[in-house]
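Quick notes on the structure that follows.
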Amino acid sequence: MVLSSVLGFPRIGAKRELKKATESYWAGKSSVEDLLKVGKELRAHNWKLQKDAGVDLIASNDFSYYDQILDASLLFNVIPERYQKYSLPQIDTLFAMGRGLQRPATDSTPAVDVPALEMVKWFDSNYHYVRPTFSHSTTFKLNGQKPVDEYLEAKELGIETRPVLIGPVSYLVLGKADKDSLDLEPISLLEKLLPVYAEVLQKLLDAGAKSIQIDEPVLVLDLDEKVKAAFKTAYSVLAEKVPAAKLILATYFGDVRPNLDAVKGLPVAGVHFDFVRVPEQLDAAVEALSAEQILSVGIIDGRNIWKADLNKAVKFVESAIAKVGKERVIVATSSSLLHTPVDLENETKLDAEIKDWFAFATQKLSEVVIVTKAVNGEDVKAELEANAKSISARASSSITNDAAVQKRVAELGEKDTKRASAFAARLEAQKSLNLPLFPTTTIGSFPQTKEIRVQRQKLNKGEITAEQYEKFIEKEIQDAIKFQEEVGLDVYVHGEPERNDMVQYFGEQLKGFAFTQNGWVQSYGSRYVRPPIIVGDVSRPSPMTVKESKYAQSVSPKPMKGMLTGPVTILRWSFPRNDVSQKVQAQQLAFALRDEVNDLEAAGVTVIQVDEPAIREGLPLREGEERSAYVQWAPESFRIATSGVKDSTQIHSHFCYSDLDPAHIKALDADVVSIEFSKKDDSNYIQNFSDYPNHIGLGLFDIHSPRVPPQSEFEKRIADILAVYPKENLWINPDCGLKTRQWDECRKQLTNMVNAAKVFREKYA
Ligand code: MET
Ligand SMILES: [Zn+2]
C-alpha cells in the first residue's frame, strides 16, 4: 500500500500564536513555561490535524521556536564562544544567536551587545535561516535531544511520527567560517560531525522511530566534487554506525539530476524528490535508485497556495508506480509546508470564486491523502470530480484572463524595452535638473510613526473619512519635505506615509491580485509576512501614486522622486500564479508600471525611482538555461516599466538585502542606482560596481540601526569610494528607506551625511 507523507507543517499557528508567545516572552511579559506551553500545544494541534486528515507519515522535529537550522546548531553544540559565555538557559542561547543579545549595564556588570548570527535566505524562498558558524576550534557534542523529545511527545499522544533532521552535508554547506577561522571549509568538519549524528539517530531508534527524514536540500545546488563526495562518506559512516536507521533522504526546490551521481548507491532507505518543481526528473530519479529504495514523490506544492490538479497528480504518481511498483512509492508534499499559510478556513473575506482555487497547508493535507487513496484504489471519485471542476473553473475564469493584457504582452517588442537615447544623451538632457556634484537623496520612506498607523486604522474602521485621511497624508508629506529642506538634501522624496508595505500597496490597486486576512508565512524568527496573491492577468485600472507625488511636487521647487516598486519585486514578494510563467507575470506587471511611470512624468515628476530589492533572490539556484533566461527577462521587465519616458526624466533604481551581481544591474540601464552598502566590511566589495557605467550611490549608513555615524566616518567612506569611482558618477544616500527609524535619529544621520557630501563638493568645486 502506498503511504502518504508530509515533510513538515507550519509551526506559527493559525492565529500567529507562536509570534505572540515568543514576543511576549522576549518582552518579559510572560515566563519561559508559558512559552513552552504554547509550543507544546501547537505541536500537538498540528500532529492531530495531520493524523485526523489521514496522513500516514507525519513529521516531528519540524517545530522550532526560531529556526530549524538554528535548532540543529544548538543540538550539535555549534555555539560560538560569544554566546556561550553568559551561561544562559538553552532557549535564551537560541534566541541570543538568532536575534543578538543586548543588555544595559548594571552597577556590577558592563553593558552587553552581541550581534546575532548571520541570517540568510533559505534557497529561493522568503524564509531565512540562521547560518551555522564554524571555527577551527568547533567541536561537536550532543546538547539535549530535541528530536527525540518531540518524537516521544507525539508518541505519548498516540501519534507515530517520522522525525526530520537537516542532513550533515547540507548542515555544513549551509554554514560558514567564523571571523577567526576564515580559511576553514565547513565541509572539512564532516568527520568530526558524523559521530554526533549517529548518536541522535541511535537515540531516535531506541525511542522507536521507524524511519527518519533527513533533509539534504543542497542537492539542488551546483556542488563541487568535494561536497558531492561528502555524501558518500556521510551516509556510509551513518549506515555503518546505525545500520538499523531507515533514512529517507529528502531533496526539494529543484532539480537533483546534475547531482544524482552523489545520490546513487547511498545506503539510505529512500529518496524524496520535488516533482512539482521538476517533473522531468522522474526517469532519472528512478534510474538512480536501487531496486529496494523508496521513491518519495513530492507532488503537492509546499511553496504555493494553489489547489493542486489532483487528477494530474494521481496520473503522475501512477506513472511512478508503473516504473518502481507500489511497494516503493510514497506520496508526499514537495517540501515542508512551512512556506504556505496555515488554513484557508480562516479567510472569511475572500471572494468565493477565488477562494475555491486555493489550498493552504491544512487543505494540502487532504490533497496528499486523496492522491494516496486514489492510487491505492480507494473511492475518491467525488473528490477528484470536484477538484477537476474547480481547476477548470479557474482556467476559464474572467478573473484569470484579460484578453487586452495578454495581447499587450504578446505584442511586446524591442521598442518597449529601450530608452529613446543612450545614457550620455540622457545625462545631457537631465542637466535641466540642476543637480550639484555629489547629489544627496534618500531611498524613499521616512519614519512610519505610530500616528500614521493609527490614522490608517481609523480609515479602515471607517472612523475617519477618506478626505480626512488624505488631508492627514498631505500634512505628513509637507512635514517630510520641510524636514528634507532643513537637512539640506538635493533630491526629495514624499516619504511614502500612505504605504503600509511596498508590495501590498501596489497589489491592492492592481487588477489581478487577491489578499488574505490570515495568510501569514514565517519569514524569520517571529517575523511573518502575508504575501498578496496574483490570481489573474495584471493591469492598472487607474494611477496609483500620482496624487501623492503630484502633491509633493507642488509643495517644493526641488526635484521630487516618484517612488514605485518594480515588477520583479512585486512578483517575488507575492504568491505567483502557477498557470502562467513568472516571466509573463513580470511582463504584465511591467506594463502596468510603465503606465504609472508615464503618468508620473506627465504630471511633472522628473525623477522616478523603481525599486527592485528582490531582483537577486529571483535568480534560479543553479547555473543553466533557467538562470540565463532570468538574467534576460528580469532586467527587461524593469526596462519595460521605465523606458517610456523622455531623456530628461531621470530613472533611479534601488537594491538591498543581497549580494548583487553587477552585470545584472548594468542590464537595467537605470540612470542612477542606489545600493545597500554600509554593512559590507569586505574591502573588495567596493570594487564590485566600479565599472557601472551610469551614476551610482553606495549606501552610506545602516538604516536598521539608530546609530549615528559621525561626519568624519561619512567622509572616510566617501573618500574610500572616490578612490574607485569617478566623482561625477557618485550619489550620496543611505542604504535603504528610513521607515523603521525615528525622526530625530534620521535627522542626525542625514545631517552628518549631507555635511560630509558638502565637504567633498567644496573640495572639488
Ligand atoms: C526594501 S527597499 C525599500 C525601498 C522603499 N522605497 C523605501 O524606501 O522604503
Ligand atoms: Zn531597500
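Quick reminder: no glycine exception, Cβ is built from N, Cα and C everywhere.
Taken straight from TrEMBL:
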- 4-321: domain 'Cobalamin-independent methionine synthase MetE N-terminal' (DOMAIN)
- K19, N126, W573: 5-methyltetrahydropteroyltri-L-glutamate binding site (BINDING)
- 438-758: domain 'Cobalamin-independent methionine synthase MetE C-terminal/archaeal' (DOMAIN)
- I443, G444, S445, D611: L-homocysteine binding site (BINDING)
- I443, G444, S445, E496, D611: L-methionine binding site (BINDING)
- H654, C656, E676, C736: Zn(2+) binding site (BINDING)
- H704: active site, proton donor (ACT_SITE)
With a 10 Å radius around each C-beta, find which of these binding-site residues (I443, C656, C736) has the fewest other C-beta atoms nearby.
C656
Quick one: of the binding-site residues K19, N126, D611, which has its CA closest to the CA of C736 (Zn(2+) binding site)?
D611
Whose Cβ lies within 8 Å of the mean position of the Cβ atoms of H654, C656, E676, C736, the Zn(2+) site, other than those residues?
I443, D611, P613, F655, Y657, S674, I675, G699, I703, D735, G737
All-chain count of other Cβ atoms within 10 Å of G444 (L-homocysteine binding site):
25
How many other Cβ atoms sit within 10 Å of the Cβ of N126 (5-methyltetrahydropteroyltri-L-glutamate binding site)?
18
Residues among the binding-site residues N126, E496, C736 that border ligand 2 - Cβ under 6 angstroms, in sequence order:
C736
What recorded positions in the list K19, E496, W573, E676, H704 lie within 10 angstroms of S445 (L-homocysteine binding site), counting C-alpha atoms?
E496
Cα within 10 Å of D611 (L-homocysteine binding site) - qualifying recorded positions among N126, E496, H654, E676, H704:
H654
Residues that sit under 8 angstroms from E676 (Zn(2+) binding site) by C-beta distance, when 6+ apart in the chain:
F655, C656, Y657, G699, D735, C736
Residues other than I443, G444, S445, D611 within 8 Å, Cβ to Cβ centroid, of the L-homocysteine site?
T442, V493, E496, M502, M563, Q609, H654, C736, G737
Span of K19, N126, W573 around 5-methyltetrahydropteroyltri-L-glutamate - largest C-alpha separation, Å:
21
Who sits close to H654 (Zn(2+) binding site): which same-chain residues at least 6 apart have their Cβ under 8 Å from its Cβ?
I443, G444, Q609, D611, E612, P613, V673, S674, I675, C736
Measure from the Cβ of W573 (5-methyltetrahydropteroyltri-L-glutamate binding site) and count the other Cβ atoms within 10 Å, all protein chains considered.
20
Could you tally the C-beta atoms, other than its own, that fall within 10 angstroms of the C-beta of E496 (L-methionine binding site)?
24
Within the set N126, S445, D611, C656, C736, which binding-site residues show a CB-to-ligand 1 distance under 6 A?
S445, D611, C656, C736
Could you measure between H704 (active site, proton donor) and E496 (L-methionine binding site) for me? Cα positions, answer in whole angstrom.
17
Taking the Cβ of K19 (5-methyltetrahydropteroyltri-L-glutamate binding site) as reference, which residues of that chain separated by at least 6 in sequence fall under 8 Å from it?
I12, G13, S526, Y528
Including all protein chains displayed, how many Cβ atoms other than that of the residue listed as 'active site, proton donor' lie within 10 Å of its Cβ?
12
